[in-house]
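Quick look at what Swiss-Prot lists:
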ACT_SITE  HIS322  active site, proton donor
BINDING   HIS136, HIS138, LYS219, ASP362  Ni(2+) 1 binding site
BINDING   LYS219, HIS248, HIS274  Ni(2+) 2 binding site
BINDING   HIS221  substrate binding site
DOMAIN    131-569  domain 'Urease'
MOD_RES   LYS219  N6-carboxylysine
Amino acid sequence: MPYRISRQAYAETYGPTTGDRIRLADTDLILEVEKDYTVYGDEVKFGGGKVIRDGMGQSQTPRAEGAVDTVITNALILDWWGIVKADVGLKDGRIVGIGKAGNPDTQEGVTIVVGPGTEAIAGEGHILTAGGIDTHIHFICPQQIETALASGVTTLMGGGTGPATGTNATTCTPGAFHIGRMLQAAEGLPVNLGFFGKGNASTPEALEEQVRAGACGLKLHEDWGTTPATIDACLSVADRMDVQVCIHTDTLNEAGFVEDTIAAIKGRTIHTFHTEGAGGGHAPDIIKICGEANVLPSSTNPTRPYTRNTLEEHLDMLMVCHHLDPKIPEDVAFAESRIRRETIAAEDILHDLGSFSIIASDSQAMGRVGEVITRTFQTAHKMKVQRGALPEDSARNDNHRLKRYIAKVTINPALAHGISSEVGSIETGKLADLVLWKPGFFGIRPELVVKGGSIVWAQMGDANASIPTPGPVHGRPMFGAFGKALAPSCLTFVSEAAMDADIQRQLGLERTCMAVRDTRSVGKSALKLNSALPKVSVDPQTYEVFADGELLTCEPAEVLPLAQRYLLL
């Protein structure tokens with residue numbers, strides 16, 4: 001007779017299985033396991049008296065004959081494509097298997113071979129996600145990298161040169177000299193990186209020069225002058241050289257209105273930053289651009305989600321970031337024109353409908369680099385509380401909503417910037433950039449971060465203790481973030497033109513450089529679970545937002561999960 005075990009005992013031993021449900025941290029979000037790829041009775045688990053031992057769950061297979069370098073056992077995967085329980089095999093820094101790990105000589109259904117050269121990471125009782133991707137980084141200080149990594153973000157794209165006044169306001173690394181220096185600085189940083197050149201020019205020569213120098217995209221920012229002429233010139237260069245264009249539009253409507261910007265874009269693919277407008281953009285109606293099929297709309301996290309504190313904190317942030325003077329009435333009026341409770345409230349709902357597709361930080365330039373994933377799932381929680389279950393979900397779980405929101409910080413930014421062949425999801429062949437979470441800390445504090453197959457960050461106790469767990473336990477960098485282990489675990493994203501110019505040799509780079517690809521053919525329809533195209537309008541007097549004729553409004557949150565309950569400061 002087979003041995004029978006209660007569901008509770010099974011979950012405590014091997015993690016949850018099909019039909020089990022998990023509450024995520026202190027949110028109201030419920031996840032349900034859709035499928036279990038492990039085999040009952042043949043599960044693998046490491047430890048004294050456990051399964052991964054010689055002749056049992058561990059085979060004699062050497063690495064050269066197919067054994068993996070690392071197995072993550074019994075992990076609960078949350079990704080845009082599904083919520084499944086599986087073992088995950090890693091080899092040469094990449095994901096090579098999602099299924100059943102073990103010894104094919106003694107176990108049934110093995111698709112991931114464990115051998116003497118295999119390391120084990122216990123995933124049972126944990127949630128596994130792809131490393132987060134933040135595509136709105138002001139590279140103001142290198143300390144942002146550690147803060148982002150500690151939050152579960154493993155890829156950062158944006159612009160800047162350090163705490164220069166231009167960088168404090170705009171996500172641009174202007175010119176070949178600065179792009180080269182930032183590519184060299186990336187050598188010592190344990191995340192994937194890509195840098196945007198300045199896109200504000202009316203003629204192509206200086207833009208092409210930056211792309212050849214290693215820019216993986218171009219950024220149009222109103223502080224440098226985002227006019228119809230610069231928009232057209234920048235997109236024309238991008239179309240020829242296959243890089244993405246990101247845009248922060250003209251808040252003051254000096255060179256035109258949102259309709260003029262849409263006309264200048266001419267149906268070409270473009271990534272619109274902080275599309276609601278508080279972070280900058282045509283006042284008061286830039287938000288309507290999210291209904292365009294060629295527009296990839298994102299939010300930055302200071303407006304995620306709408307709370308009773310959102311409006312109050314924005315004015316001071318604006319004055320500092322954009323080099324404004326509170327003693328000049330016109331500067332104050334400029335700042336105040338960007339802050340509208342009506343459009344911020346509508347932004348929450350447009351995310352829940354899948355019309356806004358991406359969430360990023362706007363690091364140290366009105367946004368918080370370590371809160372991208374936190375703010376994303378705070379928004380999901382708020383929308384469940386205020387709007388109830390999505391039509392695709394049931395009373396049992398919020399699976400569709402969870403897939404929609406995880407896509408906003410993983411696969412969709414990867415698709416938008418031409419890097420989805422390498423990162424953005426848990427799929428075979430992709431870089432093993434993975435984040436392991438305890439369910440009680442999901443979205444706020446990762447337990448372990450794997451970068452290119454090596455552990456780069458983990459919750460760790462006192463280094464002088466006799467075991468790893470005594471306090472103080474906090475996130476610390478691990479071996480994968482040090483020495484020569486760093487370079488092979490990370491990618492630097494550049495243009496194809498930079499690869500053709502052999503930028504790696506020119507600058508003496510040790511990290512692998514990868515060209516972004518297919519950035520000009522991606523439209524909103526390609527973005528996973530976030531491709532809705534409502535017809536959006538804004539009342540110019542009241543700022544009320546309508547989607548397909550329906551008023552979009554919600555109350556600000558008075559209290560949020562994933563907040564002070566988890567943080568001492």
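For all residues, glycine too, the Cβ spot is worked out from N, Cα and C.
Here the structure is a predicted model, which means the values were calculated and not measured.
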Which of the three DSSP-derived classes (helix, strand, coil) applies to HIS138 (Ni(2+) 1 binding site)?
strand
Could you state the CA-to-CA distance between HIS138 (Ni(2+) 1 binding site) and HIS221 (substrate binding site) to the nearest Å?
12
ASP362 (Ni(2+) 1 binding site) as reference: those recorded positions from HIS221, HIS248, HIS274, HIS322 with C-alpha within 10 Å of it
HIS274
Considering the binding-site residues HIS136, HIS138, HIS274, which residue's Cβ sits among the greatest number of other Cβ atoms within 10 Å?
HIS136
Centre the Cβ atoms of LYS219, HIS248, HIS274, go out 8 Å, and tell me which other residues of that chain have a Cβ in range of the Ni(2+) 2 site.
HIS136, THR170, THR171, LEU220, HIS221, GLU222, CYS246, ILE247, THR249, THR272, PHE273, GLY279, GLY280, GLY281
Relative to the Cα of HIS274 (Ni(2+) 2 binding site), which of the recorded positions HIS136, LYS219, HIS221, HIS322 has the closest Cα?
HIS136
Given HIS136 (Ni(2+) 1 binding site) and HIS248 (Ni(2+) 2 binding site), what distance in Å do their CA atoms have, once rounded to a whole number?
11
Among LYS219, HIS221, HIS248, HIS322, the recorded positions in question, whose Cβ has the most other Cβ atoms within 10 Å in this structure?
LYS219
